Amino acid sequence: MNNKKTATNRKGMIPNRLNKFSIRKYSVGTASILVGTTLIFGLSGHEAKAAEHTNGELNQSKNETTVPTENKTTEKVDSRQQNNIEQSTTSNQPKVNESDNTSVKETTEEPQNTTSTQSTKQNNDATANKDNLEAQNISTQAKDVSATPKTTTIKPRTLNRMAVNTVAAPQQGTNVNDKVHFSNIDIAIDKGHVNSTTGKTEFWATSSDVLKLKANYTIDDSVKEGDTFTFKYGQYFRPGSVRLPSQTQNLYNAQGNIIAKGIYDSTTNTTTYTFTNYVDQYTNVSGSFEQVAFAKRENATTDKTAYKMEVTLGNDAYSEEIIVDYGNKKAQPLISSTNYINNEDLSRNMTVYVNQPKNTYTKETFVSTLTGYKFNPDAKNFKIYEVTDQNQFVDSFTPDTSKLKEVTNQFNITYSNDNKTATVDLLNGQTSSNKQYIIQQVAYPDNTSTDNGKIDYTLETQNGKSSWSNSYSSVNGSSTANGDQKKYNLGDYVWEDTNKDGKQDANEKGIKGVYVILKDSNGKELDRTTTDENGKYQFTGLGNGTYSVEFSTPAGYTPTTANAGTDDAVDSDGLTTTGVIKDADNMTLDSGFYKTPKYSLGDYVWYDSNKDGKQDSTEKGIKGVKVTLQNEKGEVIGTTETDENGKYRFDNLDSGKYKVIFEKPAGLTQTGTNTTEDDKDADGGEVDVTITDHDDFTLDNGYFEEETSDSDSDSDSDSDSDSDSDSDSDSDSDSDSD
């Protein structure tokens, strides 16, 4: 039996994503350039909607950029800014061009020509860069998806309820890569920059470009909850952006329902998706998706180089060469980049290149100042590396530190301003130096700070002061950049309330296979699961807040009384309930059901010999009378015939309205109906009846047989008598005369 429903408006996989980017402002002499960009990834409003499932980071300049979205998102903006080398020069400031379209791209403006008296000439041919930062949960967007809903039958488990703290066991499935089919796979650059020399479109990784993995897909109907499939990414390609891919990568449809739960393994660069009960409820699931992805910076390291981006979706492989450019400007004495943002603690892992031009300095002081962040000196993750080979300044800002000479211990790192400022004298007692350095540091969100945060760098030399700023600010929502929030669990139990009292009793058992959906306080679906063989369910990894839990009603069951009694731990919370997490697990959200009662109706068809319309003790039933039962819509749901005693019945009926139709036997006549108010009278050939939580065995009908008339009998008797008399008389008379 196919239990899957029909729906034409189902959408398949949506990316639960916020994407992030940076805006660099830097100066050559005193000519400043500010490039502003706002960007929401996605081809439709669905992606903005999907972004509600995540908290992400956006990069922007000091001037806030507002991102128009359909729904609130939490994003951080990293703005990288190199300020002026302080000299007495004049120049015109270029205007800032920003766009607020839904899918906004960068506007880049070249610097104006300037004059400068600085002793070390700076390269005026510079281009602003932006880092793309990525949302915490990476998901996939579905478009043009159809699905056919299923009806579902759920059977209760046969085991006793386990202990309260028992965790719902995960369902075990099989790999179904061969049953999830992908076509029209593509890796596209969004938006891309055309190289004026080669005419080729390049992926500018630090200038708002992203890669988009796109494909159509179909899912075989035989796929079930717990089955898995994989996305395998190649050597130079991965999901995400500057913010490292989250381990959790769920797939949603357009309505926000979770189709599959994904776990990303950075070691193998593979995401394994596990189907939810969505696939048990729908057939013919198909559609298309797109997922934001990025170059693996540790492998794809060189600007203007074509790298083979490879991916295998299920069993379907695809590759495409993409030219990558990170925009490293080797003539800059100071340049920094957000190497990556850690998904666990939201720390900024920064890389700073010092003195790429290999200038000779007689003064060289490096200062890093944090706003909204702090250093942790005890972590010893402020590293200084001496560059011995110019090639160690890799364009991707992801140097192989194992090949660098660490010299951190040669310097005195002075922390001040409550560990928000770090100062290093890079000359370290020398009178002059042309050494080059790569500095890596980790900045942790300051939980007590209300500032959205920024990271400033300065390099003060005899030529003046160069500075670079990375700032972070919220856009359209609250920030989660306050470090790790402790995670908690929510859930408990679905049981069969056999005595219908709304309370869990020791002898009552859990119900297996009940669908449970978790939503946030705004009604957005966060997760879904199915109760295990013990009726247990659990949602994990939840922060403090208010949540909604929805239980589906199993087939053949009715919800029991909600909130019976005063003990919330053992009552039923109904089909929809609210759970609050406040610094502790909440394992009190239960729902009880009892088997929906079934009822019977019927009774008796009898021979009403005295035609009085009432059943008398001497009157017998009529065998073989056809009886038809219709539902409220007039649909025939059963037929039967009376037995040798005139009895009939229909069983397994729900409460509701029905019609009973008796077919009059040949040669019999309908007796009088409703002659009394008791259940011994005849109800007629068609009887309407309503069952409300009870059986009804009062539906009877009577018939009688018409008798032969008295006039016919008298006429026959008289005729015979006259004939006999005449014959005898004539015969006797004739005989006597002779």
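Note: Cβ is positioned from N, Cα and C throughout, glycine not excepted.
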Next on the checklist: Looking at 464-483, 524-543, which stretch does TrEMBL describe as region 'Disordered'?
Outcome noted: 464-483
Item to check | Candidate ranges 207-304, 328-476, 600-703 - greatest C-beta contact count to the domain 'SD-repeat containing protein B' (489-592) (under 8 angstroms) | outcome: 207-304
Checklist outcome for this item: Within the same chain, the residues 6 or more beyond the ends of the compositional bias 'Acidic residues' (676-686) and with Cβ under 8 Å of it are 603, 608, 613-615, 659-662, 664, 670, 697-702
Checklist outcome for this item: Counted with DSSP (H/G/I as helix, E/B as strand, rest coil), the domain 'SDR-like Ig' (207-304) has 4 helix, 52 strand, 42 coil
